[in-house]
């Protein structure tokens, strides 16, 4: 049976006499070679030589137990306390008789230590002087499977090997006591009480009862035994474990085994780590919270920006969809006008007749909610709608091309204008102009439903207007006569539509071909101005036209003198043309009529002196259409005559604006004695249409003489220089 590493077999009656090692062993915790002891017990087989463990963990591990062959006397366990550093001497095999003295097993050669394993139980208090008679040997708390031979308790300690520092020593199995009379073989390792009164301070084993003092103890010890608290692996109760205290001066400083010292706090590193981890968690939580707040802020900003952008786009869309309501209010006729959105009108089976040039169409139910992307038609679709552009569907022919009536798949009647090849700009310019015109919606303007581009073919699709043109009802339909009230209504409606183009559209749209043939009538004889903006498409035409056909520079008899002479076009050019239309409504005569069998006369030249007399208070009978048979309101007739006279003034800057004409026709203002100079605008081909600059308010002679100041019209159109045309305009 092997003894525990903390006890060695020795007779219990060993005398206290022993030799002490030199005092110099205290500082370096290594015992000098001890002198031979007194007669030892029967020789035991000396343990085999084992490598010396490092000094740090040497005291913590009891010497390796060696098998005791025949102990003569009951051994007294005097193991060195664990966690004591004592450099064990190399194992020596020296047979000696049993000694009455008890030798500490710390002098026996210790087992080798493995740095990766934990050191033996550090539970023994410092082994200083302990009262004799109490021999306590704490066995190691771990139970390794390997067993080592017990230490020869009778052999004197040989000289200590050189010191080594080592890490924690792995636990070893407790020695098995071979002698049955062992008083306390499994008691916890505590300093034993032996007869010698003065134990040496050195850590080498001596016959004295005092165990070597501890020098160094590991900071933390891992106990492999996980049994009940206070119980050793073999079932015995271990005393409280306390820290190892080094003796500093004398063996008198002893610690009673009954007063255990607290363990070296193992939890200090854990506590520090816990505090560090808590601080880390707190810091991480703060960072995560800050990131969440920043993310929420960014989301809120993005939401607000998106919402504002949507609001702005919806507001712009609403304004683009309802320009006529606001702008008409500015024109003074909000009560009678309403905004129009391009839609596909329902089928209307009314007769459409075109005469005198550019034909247009009118539909009482305006096409609604048809934008340009949906207004893109294929040539095959329009050809099928018009019956292959057959003659039976031909509505008329003008300077721009042919106009055919068509019916779309949904039953909507439209007027398809097929433009002449070579009389248009490039495809890009054509589409840009069509896009501009398609956004113009007004009660008194014919809506553009769509267009078609097929190779060199260009087609425009308009809403169909059932009641023909003003020209037809004034000059061609001799079977019926337009009453005065109807004539006044047509004049007011056409003036409102033209005022919208001039003052409410951006950029300003100049019609350039205002005439009775381009004023269409719906089923209620409400006027609708058509073909506005087409002059932009055909500014580069070189086609020759007769003086009776509609052409891009306007129709003879309607063109303003400055426009015919200089090619300049302004909003006042349209005002002049509208004055000619008013004269047609008053007199019932066309813009150019035959003076005699060989001479034609301009309506303006014929009516101008008569207007002066009528406005001055004389009778209107010689001016008014005789077919009316004096069935008219004199005041209304006087207002219309005053408007016509103001519109056909020779100087453009003296002509009123169309909004003023509307108010005068409605009787809100009088233009009889008011010299309306107005402010006109002109555009150069290199200018932005939005940059409106007054041109004509400073020098009225500029248009009277036809002189040019270097500016050309927005469209770059030059009037025809044929003498016949000039003669027709100026006659």
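Placement of Cβ uses the backbone N, Cα and C atoms for every residue, glycine included.
Note that the structure is a prediction, hence the values are computed from the model and not measured.
Residues or ranges marked as topological domain 'Extracellular' by Swiss-Prot on the basis of sequence analysis: 1-280. Here the topological domain 'Extracellular' (1-280) returns a mean pLDDT of 45 for the predicted model.
According to Swiss-Prot, the region 'Disordered' annotation covers 1-264 (among others).
Long-range Cβ contacts of the transmembrane segment (281-301) within its own chain (Cβ-Cβ under 8 Å, at least 6 residues beyond either end) are absent. Annotation source Swiss-Prot lists transmembrane segment at 281-301, citing sequence analysis.
Per Swiss-Prot, topological domain 'Cytoplasmic' is recorded for 302-731.
Summarising the annotation, Swiss-Prot assigns region 'Disordered' to 310-341 (among others).
Per Swiss-Prot, domain 'Protein kinase' is recorded for 389-671.
Here Swiss-Prot flags 395, 396, 397, 398, 399, 400, 401, 402, 403, 417 as ATP binding site. In this structure, residue 395 (ATP binding site) is part of a beta strand by DSSP.
The phosphotyrosine annotation in Swiss-Prot covers 462 (among others). In the three-state DSSP reading, residue 462 (phosphotyrosine) counts as strand.
In the three-state DSSP scheme, residue 513 (active site, proton acceptor) is classed as coil. The active site, proton acceptor annotation in Swiss-Prot covers 513 and is backed by sequence analysis.
Residues or ranges marked as phosphoserine in Swiss-Prot (evidence: similarity to another entry): 549.
The phosphothreonine annotation in Swiss-Prot covers 550 (among others) and rests on similarity to another entry.
The Cβ neighbour count for residue 555 (phosphothreonine), using a 10 Å radius and every protein chain shown, is 27. Swiss-Prot lists 555 (among others) with the feature phosphothreonine.
Residues or ranges marked as phosphotyrosine by Swiss-Prot on the basis of similarity to another entry: 563 (among others).
Positions annotated as compositional bias 'Polar residues' by Swiss-Prot: 678-691 (among others).
As annotated by Swiss-Prot, region 'Disordered' applies to 678-731 (among others).
The annotation compositional bias 'Polar residues' is assigned in Swiss-Prot to 718-731 (among others).
When each of the recorded positions 397, 513 is scored by how many other Cβ atoms sit within 10 Å of its Cβ, 397 comes out lowest.
Cα separation, residue 555 (phosphothreonine) to residue 403 (ATP binding site), rounded: 18 Å.
DSSP classifies residue 555 (phosphothreonine) as coil under the three-state reduction. Rounded to a whole value, the Cα-Cα separation of residue 563 (phosphotyrosine) and residue 401 (ATP binding site) is 23 Å. For the pair residue 401 (ATP binding site) and residue 513 (active site, proton acceptor), the Cα-Cα distance reads 15 Å. Ranking the recorded positions 395, 397, 403, 513 by Cα distance from residue 462 (phosphotyrosine) puts 403 first.
Rounded to the nearest whole angstrom, the C-alpha distance between residue 397 (ATP binding site) and residue 513 (active site, proton acceptor) is 16.
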